[in-house]
Amino acid sequence: MAVAVRTLQEQLEKAKESLKNVDENIRKLTGRDPNDVRPIQARLLALSGPGGGRGRGSLLLRRGFSDSGGGPPAKQRDLEGAVSRLGGERRTRRESRQESDPEDDDVKKPALQSSVVATSKERTRRDLIQDQNMDEKGKQRNRRIFGLLMGTLQKFKQESTVATERQKRRQEIEQKLEVQAEEERKQVENERRELFEERRAKQTELRLLEQKVELAQLQEEWNEHNAKIIKYIRTKTKPHLFYILGRMCPATQKLIEESQRKMNALFEGRRIEFAEQINKMEARPRRQSMKEKEHQVVRNEEQKAEQEEGKVAQREEELEETGNQHNDVEIEEAGEEEEKEIGIVHSDAEKEQEEEEQKQEMEVKIEEETEVRESEKQQDSQPEEVMDVLEMLLHVAVKNVIAEQEVMETNQVESVEPSENETSKELEPEMEFEVEPDKECKSLSPVRENASALEMENEPEEKEERESEPQPEPVRHLQPLPQPEPEPELQPEPQPQLQPEPQLQPQLQLQLQPQPQSQSQPQPQLQLPLPLPLQPQPQVQAQSQPQAVLQPQPVSQPETLPLAVLQAPVQVIQEQGHLLPERKEFPVESVKLTEVTVEPVLIVHSDSKTKTKTRSRSRGRARNKTSKSRSRSSSSSSSSSSSTSSSSGGSSSSGSSSSRSSSSSSSSTSGSSRRDSSSSTTSSSESRSRSRGRGHNRDRKHRRSVDRKRRDTSGLERSHKSSKGGSSRDTKGSKDKNSRSDRKRSISESSRSGKRSSRSERDRKSDRKDKRR
């Protein structure tokens with residue numbers, strides 16, 4: 001390390017000597033010592049020279065010039081002042097007055113009297129020339145004057161040509177001197193700049209060398225200290241303590257060797273760090289020198305460009321003065337070269353701009369593609385979410401259906417015997433028809449299952465409303481809506497074989513009389529001549545309640561039915577020997593007793609309608625089958641008596657009224673019996689179709705289907721017996737010609753009373769909802 005310190009010290013001394021030489025060169029060039037501290041004013045003057053100085057120095061210099069009086073004043077003040085300006089305005093006013101005065105004078109002056117004067121004779125040019133030719137003295141005089149004028153003009157011409165030549169020479173000499181002076185000045189500036197740069201570089205080298213010397217000295221001191229410590233044993237704990245024993249043993253000898261190894265490793269690491277630090281310090285000035293060289297190259301190029309521009313300007317001036325065509329051609333060539341260079345630069349810039357625009361367009365396209373992909377992913381994810389929701393709804397619906405079936409089985413087993421006894425009183429003549437359970441299972445769509453799941457959730461609320469109402473509500477108007485004809489692709493299924501009745505038109509009148517809420521209120525009575533198209537198609541159960549009355553009324557605004565309704569197959573319905581004129585079906589929605597209606601017209605689905613409504617309603621109503629059948633017997637008897645009284649009061653002849661009442665009562669009972677039988681058959685078909693797909697509930701469903709078959713057979717036999725008696729009664733009612741008009745009147749009256757009752761029912765429902773809230 002001692003050798004390294006010596007070498008560094010030698011380098012430092014050499015650098016100091018070179019710095020001294022640079023300072024001497026600067027002193028020769030500038031005439032002053034760069035190490036001397038200059039006064040502030042002199043420094044500002046030096047900085048504000050040509051091309052140098054900025055900021056406050058230049059401002060102070062300007063102030064100095066303005067104070068000395070050599071330069072222009074700081075602010076040109078108006079010496080004359082405001083009075084002179086006002087006086088100028090006054091002058092302009094006076095001038096304007098003087099201009100306007102002559103006009104006024106012309107107006108004021110009186111007109112002069114006209115006078116006739118003889119004109120003087122003008123001498124012609126010929127007369128004048130003749131007079132001059134006659135005078136010889138005048139000729140001589142004119143010649144002398146002309147000669148003098150020509151001589152003076154020639155002298156002026158000669159003098160002007162000589163002056164222009166001298167001026168041209170002087171201008172050329174001055175231009176050359178100026179160019180030389182500029183070159184010398186630039187050289188001096190470059191030398192001065194280089195000298196100062198050398199001085200800075202030398203100073204940085206000196207600083208680095210001084211730092212290196214200091215580091216080397218510190219390293220030497222550290223090495224000397226550690227060389228003394230290496231003979232001792234170092235403790236493993238920190239802070240490290242160095243000790244030595246008076247008597248050495250092999251264990252202590254091992255400890256000394258270990259400590260020496262550790263210390264030597266520490267010395268080597270410290271040496272490596274020292275060498276790396278010195279290398280870094282040497283690399284820094286190299287980088288600075290490289291940057292300085294680059295700056296010098298740039299400056300040299302700028303100087304060359306300025307010199308070339310100066311030469312081109314000199315050539316242009318010479319060519320303007322001398323008018324040499326050859327030089328003109330050279331200047332044009334030089335200008336063309338410059339224009340080409342400028343055009344190349346412009347073309348390069350345009351190419352760069354085009355490349356940038358292309359890059360931007362590519363980026364925009366990539367962004368648009370990414371956005372489109374994201375939108376597609378979102379669209380793909382949306383149907384997946386919809387399918388998940390549908391699966392959840394189906395799962396919930398299946399659970400609810402299983403639970404309801406278990407409850408229905410228990411209720412139906414208990415109510416088989418009393419329901420058969422009670423329904424036997426109500427059953428009237430009915431047509432036989434077949435039900436296909438396999439088609440029912442196939443025709444049901446998952447959309448209907450979703451709707452059934454939603455309606456199953458609403459059924460508990462309806463049960464609570466039924467429990468809260470001890471008295472039945474007034475009659476509701478149920479209007480069948482005409483269903484639009486389905487698409488031609490759907491083929492109608494084969495018609496069932498029906499037993500026609502020759503004498504009576506195929507209409508069944510269902511009379512249902514509500515139980516009075518109070519004794520003072522009148523009991524509205526409604527009649528419905530409803531054609532029952534009996535279809536082999538799977539049908540929805542619609543159990544008629546004692547408060548619901550079906551009326552065929554003309555609908556002013558036909559409603560658009562859902563897609564499930566439009567897809568239902570069309571069937572030509574033939575009943576009692578009468579073919580309906582139009583191939584339309586009137587979908588009637590089954591109305592629940594406690595259901596709140598917002599619209600004035602309630603759409604009700606009867607047994608004659610297709611599979612448009614879901615199975616959930618029929619299942620929900622199957623629970624209350626026994627209670628409804630009990631009330632049906634009393635309602636049928638009361639409806640028959642009320643129908644006789646109403647028809648007799650509205651008709652003109654007593655014979656026609658009695659026949660009409662008997663026919664209406666028979667038709668109403670037959671309609672109710674048909675609905676009961678059809679609902680039982682459809683429910684049995686549904687149970688059969690479901691029992692096939694569910695293996696774990698086969699035993700229970702088998703028992704239930706057997707019970708229902710028994711009920712169906714007994715109901716059909718009774719309907720056959722009652723149909724004969726009903727047909728004989730209907731023949732008597734058909735003899736009267738005016739029966740149809742009377743029926744229409746009764747329908748209109750019943751519709752009015754039903755509308756009133758439905759409005760009062762809405763008010764009660766709204767009151768109940770408000771109380772619950």
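Yeah, the Cβs are placed from backbone N, Cα and C, and that goes for glycine too.
In Swiss-Prot, the feature coiled coil is placed on 2-32, out of the ranges 2-32, 560-590. In space, LYS157 is the closest of the recorded positions LYS157, LYS238, LYS304, LYS359 to LYS137 (SUMO2 cross-link), judged by Cα positions.
Closest in space to LYS157 (SUMO1 cross-link), of the recorded positions given as LYS228, LYS238, LYS304, LYS359, LYS365, is LYS304, taking the CA atom of each residue. Within 10 Å of the C-beta of LYS304 (SUMO2 cross-link) we count 10 further C-beta atoms, all protein chains included.
Using CA atoms as reference points, the recorded positions LYS155, LYS238, LYS304, LYS359, LYS365 were checked against LYS228 (SUMO2 cross-link), and the closest is LYS238. For LYS238 (N6-succinyllysine), no same-chain residue lying six or more positions away in sequence has a CB closer than 8 A to its CB. Nearest to LYS155 (SUMO2 cross-link) in space, judged by Cα atoms and limited to the recorded sites LYS304, LYS359, LYS365, is LYS304. Within the same chain, no residue at least 6 positions away in sequence has its Cβ under 8 Å from that of LYS365 (SUMO2 cross-link).
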